[in-house]
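Engineer: Annotations for this protein, taken from TrEMBL, read as follows:
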- 1-22: region 'Disordered' (REGION)
- 1-12: compositional bias 'Basic residues' (COMPBIAS)
- 49-93: region 'Disordered' (REGION)
- 52-62: compositional bias 'Low complexity' (COMPBIAS)
- 75-87: compositional bias 'Basic and acidic residues' (COMPBIAS)
- 349-440: domain 'PDZ' (DOMAIN)
- 447-511: domain 'Protease Do-like PDZ' (DOMAIN)
Amino acid sequence: MGETRKRGRKPKAPASTTETMDFQYTSASNATQTDYVAAQNDVFSAANDSVPTAAAAKNDANNPPPARRGRGRPRKSEAGHMEDTEPHAAASPEWRPYQNGALVLEPPPQPVAKWESVAARVVPAMDAVVKVFCVHTEPNYSLPWQRKRQYSSSSSGFIIGGKRVLTNAHSVEHYTQVKLKKRGSDTKYLATVLAIGTECDIGFLDVVAMLTVSDDEFWEGVSPVEFGDLPALQDAVTVVGYPIGGDTISVTSGVVSRIEILSYVHGSTELLGLQIDAAINSGNSGGPAFNDKGNCVGIAFQSLKHEDAENIGYVIPTPVIMHFIQDYEKNGAYTGFPILGVEWQKMENPDLRLAMGMKSDQKGVRIRRIEPTAPESHLLKPSDVILSFDGVKVANDGTVPFRHGERIGFSYLVSQKYTGDTALVKVLRDSKILEFDIKLATHKRLIPAHTSAKPPSYYIIAGFVFTAVTVPYLRSEYGKDYEFDAPVKLLDKHLHAMAESTDEQLVVISQ
């Protein structure tokens, strides 16, 4: 009896048993698991097909059914089969080979979403990242009796131990009100500013500030961020925060491209800094940078915007962060990073080393000037050669050993100290080696870089307004490019002058 002809289709030659086996079954001798996975979609594709029993499966193995006819084209063979890697809510059962050659029916293992293993490691750290909302009211340095119009900003922060939150200091500078919002929450919690690290400034902005929240509900279900070690070059870092472009949390990744000493607070303090190639946008400031273990290795704070530079972002590393935290815990307030209080020059010129009486095995840097307000001003003298600091020898280029294959400026050793600590400094003076125990203190500049969130001081007499010169005043009067537009005499005082006493100020008539 001939086959019944379907409407609109030409009769099709009956498929042989061998061809049928290629698409539905395969003998146990040459079967692979991939073939069965591919075959199950043909055998169990119809919703009305009933699930066969084990006995039926055995009979089907001995007497395979005829080829199934359908309107679509048959599935491709193993060579053209593409494995589906997407997770499914429910998978169809599949045939499995048995030892005697029969086929038994057993359900496949349930697929596990790939993101579940990643979420188990990332989510706890990301849940500690918060969004910081702040209302600012800046002083008007040109009209010191007034304040500027209020404005709002948003940035990032993260929770640390002791029910505290870290963020960038510029995020809460001149704050009127600060609120925090956790990830996935619709509630903003009122925060209190504990300390602001006004000296941790890498030429652009303040770095570290510490907050807290009195509402216990804010701390429920959140684990504090754990700090990791200082990363090495090419270590992967992930920056988490709330940058512009959306309201939800954002994640960018990169590697550590440079580790060096950076000039903070317009050259008054030199601290360690990390350079990464991860994208850091407005709003990322204050957000943590995690390593591949989920530990915080720094705080993102700025990206370099320049026509000749790409993918350059800066991160405040954990040594600077821990110094800020321990300084607050030790003194009950932020006291700042101490400095040595000297200007020095390199001794790489052999003739200069010979003139200073240095031997061939001696290395160090020469002191050019000493600040009159520095505690060691009565101990050290100009033209002294600093040979070592706390037992660490200083090279002719002013660097000290850091890690394997790395050297760093010896000011890094000074930045690890706290205000009031002492350090053993070995110097060469008149071909003699001398040692001094020097007490370290914070820096006193003739033109301060910050006003410590205080309103500017001024005095009005006979219609004249006298005010102290500060960097915010120069920026207010001459704009962001004040280093080019301000009068030369003020710039000379700003860049080169030293205060003769701790209470000395530079005063000008502003009005």
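Placement of Cβ uses the backbone N, Cα and C atoms for every residue, glycine included.
No curator has checked TrEMBL annotations; they are predicted automatically.
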Engineer: Using DSSP, how many residues of the domain 'PDZ' (349-440) fall into helix, strand and coil, respectively?
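Structural biologist: Counting residues by DSSP class gives 15 helix, 35 strand, 42 coil.
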Engineer: Determine how many residues of the domain 'Protease Do-like PDZ' (447-511) DSSP places in helix, in strand and in coil.
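Structural biologist: Helix, strand and coil residues of the domain 'Protease Do-like PDZ' (447-511) number 21 helix, 12 strand, 32 coil.
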Engineer: Looking only at the domain 'PDZ' (349-440), what is the model's average confidence as pLDDT?
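Structural biologist: It averages 92.
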